[in-house]
Amino acid sequence: MSEHQEDSCQSQNSDSDDKHSVFYQTMTLLADQNFNKEFVYPICETLSWTDPSIQNVMFSESRWTDPLLQDLKRDLNERKALLSDLDIVKWHNHTTQTHPGGLIMRMMKKHFNAEMCTQAWCKFREIVHRLDLESHLQEDQLRTVHLCEAPGAFITSFNHYLRNRGFINYWIWLGVTLNPYYEGNSRNSMIDDDRFINNTLDHWYFGSDNTGDIINMDNAIGLIKLCRDMGGVHLVTADGSVDCADNPGEQENVTSALHYSEVTAALHVLKPGGHFVLKMFTMFEDESVGLMYILRSCFDKPVTSKPGNSELYVIAQDFKGLPDSFLEILLSQIESNHSKCILPEHIIVDGFLTSHRRCCQMFTKHQMDAISENLQLFRTDDNLGHVIRLKMLREGCQTEYVNRYEIKALDRMEWIVCGQGKKYQTYRSNYVSLTRRHTGSFVARQQQLNLDWKERLQRMSVFTDDLSICLPWLQCSVCPSKADIDTWFPVRGKAFQEINSSRFCDVNLLHMYNDVLTHAQYLQRPVSDEDYCQFHKKCLGTVMTLFDDGVSVVSVSYKDNLSDILSGEPSQKFRPDSSLVMAIPPPLTQIIAALIYICGQCFTKVTVVIPEQTALPLCYLVAIGYKSSSESLISYLPTIQSCNHTDSVSATSCSETSRTRDKLLEIVPLHRLCGK
């Protein structure tokens, strides 16, 4: 090769290296910008919350709108509407692949041994890095409360942060979330992943009614008292949201009551100098403006950060405190329908409203740009150049994330759960899918919702059989010990009129079941006791044809309680090898599952039968071969009966409902029913 050719090659290599270096620097800069989407509210004039004239106008005037904010809302919804025809599953997969931080979660799991790592885990590590926790970490106790926390990723992320910081003092944490075991909670409103919760139940507060709903006044008051008895808390996080996939344009209004309750609870329990982290989505409505104005007045320099495309986090530091009279007003409105505005527009200073508009403009632009970019990529064929750029950007975000937030690997024994010698597991049937996922496009889902009942019924996947359905025989191979039974206790909570969730049934089947019950005209008619008795006799005849002639049924229960049947002197109730037939509601709840479990302990085998062409939502529990009950179990049954005086576990209860304020929810621990 000539000298001229060598110089030419060296020049080309140098140009290539320079271009690669510039490109890499550009990707690094873009990665850095991905972690710097924030808006700091400047100092502005605030109100005196002790002023009676200010307190008197709270919740007293009509709701109001700001024209500029409403224009932003309209623009954003128009951009979102471009996604209406797209399949939600395909769109989600696409945005997951194109998200700049999409590789971070996998890296945290693989290389840093993050406990229960989710997108929320990664987001909170980013958020906590912005908090000035130094003075709180020096105290003997660090106390934190995590609202709407399921499945628990903020908590495990914070544990990782504390371990990385070498924190050795005592950390007291409390989780608050909709109870995944309360069968009146809708799965559209809660996250039912209980892998972390069931191993840390002592750290969770579900309220006086056992629902976990902080929009309930009694639950909010109970939480406030609990935290104040602890001496107040240093950090409150609130990560609440509601499934708005069927109404995305009004997400802010749908979630406003939840956000109000989160803010109210936080302001009541924080110590002076404490910090508050609140997830929001958009802030276009007067209620969001009012909450943000209150937060601006009682914290130093609140920051609004956007770690993702769909939500933003308000990071409020150094709580200044608020007068009790003002806090009482906030608390009194937790259960209201918020038909009046929190603060009228005329008392909010112009400087704050100007700043708030700028904040909303900034984040609306981010979200609209993200939608447009993802939509363009979704509708075009793969471009090699883009694939390479995206790969480098995602890798750059990984590196920047680790370096910026000083993340170190954690030993498994430092995990919250496995550090206690426990393993992650869920309390549910192994055959049950608990997650109800949206499918299809928004337009298709709206069309499905607008179908009349007969059309929806025709589209259901209905499995029928000419014969009655009989489940397999169930046999209890493991008997609970006396020590185990001695730890059992009945649990009461808020009565519910519909079974919205079940640990024993696929959520999609449960949804169809409730839809059928709602529209079954036959069930709307009152049924007399005489008709009911005749119905049972007919069903019993059908049930008995399924069993051998040798089966001797000595007890057919329609109205008795199980505790009445099995308690007392066994010889007065059952002979050895005798059987029991009991009409029960469908075994969807913990109470009915517990009845089956207890019968399984007292009889050789049990099954559940659904008679052919059943007109009511009833099944029959058939227990064969009485073998006596353990003394410990017999001694526990009166405890159930005494707790059950207002809403008996009756064979004739066609649904797990009660008109009383509370009802019996659990009599056998859930881990026993799920075989864990």
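Glycine residues also receive a Cβ, built from the backbone N, Cα and C atoms like all the rest.
Remember, TrEMBL labels are computer predictions, not curated facts.
Record features (TrEMBL):
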type	residues	note
ACT_SITE	LYS279	active site, proton acceptor
BINDING	GLY152, TRP171, ASP239	S-adenosyl-L-methionine binding site
DOMAIN	115-321	domain 'Adrift-type SAM-dependent 2'-O-MTase'
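Rounded to a whole value, the Cα-Cα separation of TRP171 (S-adenosyl-L-methionine binding site) and LYS279 (active site, proton acceptor) is 23 Å. Highest local Cβ density among the recorded positions GLY152, TRP171, ASP239, LYS279 belongs to GLY152, counted as other Cβ atoms within 10 Å over all protein chains shown. You'll find the Cα of GLY152 (S-adenosyl-L-methionine binding site) roughly 15 Å from the Cα of the residue listed as 'active site, proton acceptor'.
Confidence for the domain 'Adrift-type SAM-dependent 2'-O-MTase' (115-321), expressed as mean pLDDT, is 92. Our reading of the S-adenosyl-L-methionine binding annotation (GLY152, TRP171, ASP239) yields a largest Cα to Cα distance of 20 angstrom. Counting only the Cα atoms, the space from ASP239 (S-adenosyl-L-methionine binding site) to LYS279 (active site, proton acceptor) is about 5 angstrom. Classification of the residue listed as 'active site, proton acceptor' by DSSP places it within a strand.
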